[in-house]
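Visitor: Supplied in structure tokens, the structure appears directly below.
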Amino acid sequence: MLGSSKMLSKSKHFKVFLDSRSRTNMNGVHSFLCNSLCNMAESPIVDNSLNTAESPELPGWVKFSEKENPVMENSEDDFVLPAISYWVENHKLQDQKVDLKCVVSDTIDSDVDKISKILRNPFQSLDVVLQALNGCSFNVSETLVEKLLKRFRNNWIAAFGFFKWANLQMGFKHTPDSYNSMVDILGKSRKFDLMWELVEEMDQLGGYITLVTMSKVMRRLARSGRYKDAIEAFGRMERFGMKKEVEAMNVLMDALVKENSVEHAQDVYLEFKNYIPPNSHTFNVLIHGWSKARQLDKARKTLEEMENHGFRPDVISYTCFIEAYSREKDFRKVDAILEEMQQKGCPPNVVTYTIVMHALGKAKQINEALEIYEKMKQNGCIPDSSFYNSLIYILSNSGRLKDAHDVFEDMSNHGVTPDVLTYNTMIATACKHSQEENALKLLQKMEDSHCKPSLDTYHSLLKMCCRMKRIKVLSFLLSHMFKSDVSIDLGTYSLLVHGLCKSGKLEHACSYFEEMVLKGFVPKDSTYKMMIEELEKKGMEKAKKGIEELMLQAKKQGTI
């Protein structure tokens, strides 16, 4: 660890070092916050005995000038809007120091939260995770495993270490679903050797490997650009007792197309079409791929081949062309295909109309976009949540915020419940316009409606907090993410570092850069470059050296 300062207890997000002068200031800020917020009407009693700062603690190697006070620099850091302060203060956040000997006396915490406290520590290896968990007495169940794997899906060391520990517990046996989740986590983290080892273990158990397993393997390989490896994985299916059938071939081709390699998908089709009879979905995957690649001539030829095989083009086939021409803003051709669909007895569905409306909205043709709704009604097509989400986005983007809000409030009257994308659109709009109270109230409403947030939900909020220098609310949101089982990833850390650098909060940017490395992520070169440049401008040489050492450590970890 960098620096020689005395170690403090783990904060909400990471283990860092801080000199005694800064610790005193932190505690003073915390007392002020507690007193201010708790004196509000109906505000609850806060346990001041915890004496822990709400804002992140800072690494000891972050060097400030004598005149700078890193914590009390700006009162905005700890400002919380009165309208949402009660919710922020009373959200059940458990972020105290973790006892790695597993002395868990707090009976209020669930087993999930107790284990999470251990797993949130930075671990360098799987063995260290197992050592931390050994001796713990928990009732391991399928539900507990599912919850923890979801919570730590972006931290493969913690997830896999827990997975291995759970498998050693007497009377417990992982289900195929748990294995599939772990395979996906390892694939997402590009730990492909470990992923295949786990697949081999599943094979030994007998009956554990299914199309779900191989779909995750093929998609993760394709997503990392390992197209040939994904195709080889398809070829290995028979070795695991599975037949190479059209459904599996379609999954492979779809994975390749989604990762911008329609050429490889075409090769798969040509190689296996004589052994695996294609179906309509096979051709639609290729049509979508060629349309996405803007090679519409090849898409048309695939459509003809589809017909030659006795399959009638369906709404999905035509919608691929609609999407391609909409992307090009060639709305004449869009209208021509819509007309062709009607003539061939294949009327557009809600997805088709949503794509057209969204494209018109992005092209600033707002009135034409709104006319799509009337067209839908005439054709007896009922809007769904995706349609409303697009409509809200168009209205918000054109500055018609009240209209967007009215649509949001009116959705339920039409039998459509707002989903995570609806809330994300509303929250993103509020954040873009610095409507802090509205954005946070939407998150609270989302929680009250039992609608699970996603990474995109928090990214908009975190960007706003960085821009507005709301460090206390930022800390709250990161804890809220964790409690909502939304696992922080490299993109989130990059967002935090970039946002805090831009707003001049270099000390906090350093803290999140450190946490990013300690969690096993390798920072992007652009993130590292920005940190170095900003620290040089401020003359923070000690902090710059700390960042350089962390980057070297991260790159070394990345090669393991």
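Every residue, even glycine, has its Cβ placed from backbone N, Cα and C.
No curator has checked TrEMBL annotations; they are predicted automatically.
Straight out of TrEMBL:
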- 175-209: repeat 'PPR' (REPEAT)
- 210-244: repeat 'PPR' (REPEAT)
- 279-313: repeat 'PPR' (REPEAT)
- 314-348: repeat 'PPR' (REPEAT)
- 349-383: repeat 'PPR' (REPEAT)
- 362-530: domain 'PROP1-like PPR' (DOMAIN)
- 384-418: repeat 'PPR' (REPEAT)
- 419-453: repeat 'PPR' (REPEAT)
- 489-523: repeat 'PPR' (REPEAT)
Visitor: What mean pLDDT score does the repeat 'PPR' (279-313) have in the model?
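Guide: Looking only at the repeat 'PPR' (279-313), pLDDT averages out to 95.
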Visitor: So how many of the residues in the repeat 'PPR' (210-244) end up helix, strand or coil by DSSP?
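Guide: Counting residues by DSSP class gives 26 helix, 0 strand, 9 coil.
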Visitor: Residues of the same chain, at least six outside the repeat 'PPR' (210-244), with any C-beta under 8 angstroms of its C-beta?
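Guide: The answer is 176, 179-180, 183-184, 187-188, 190, 192, 195, 199, 202-203, 251-252, 255-256, 258-259, 261, 264, 267-268, 272, 275-276.
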Visitor: Checking distant contacts: for the repeat 'PPR' (314-348), what same-chain residues at least six beyond its ends satisfy Cβ-Cβ under 8 A?
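Guide: Residues 280, 283-284, 287-288, 291-292, 294, 296, 299, 303, 306, 355-356, 358-360, 363, 365, 368, 379, 381.
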Visitor: Mind checking which residues of the chain, 6+ beyond the ends of the repeat 'PPR' (419-453), have their Cβ under 8 Å from one of its Cβ atoms?
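Guide: Contacts of the repeat 'PPR' (419-453) (Cβ under 8 Å, skipping residues fewer than 6 from its ends): 81, 83-84, 87, 385-386, 388-389, 392-393, 396, 401, 404-405, 408, 411, 460-461, 463-464, 467-468, 470, 473, 480-481, 484-486.
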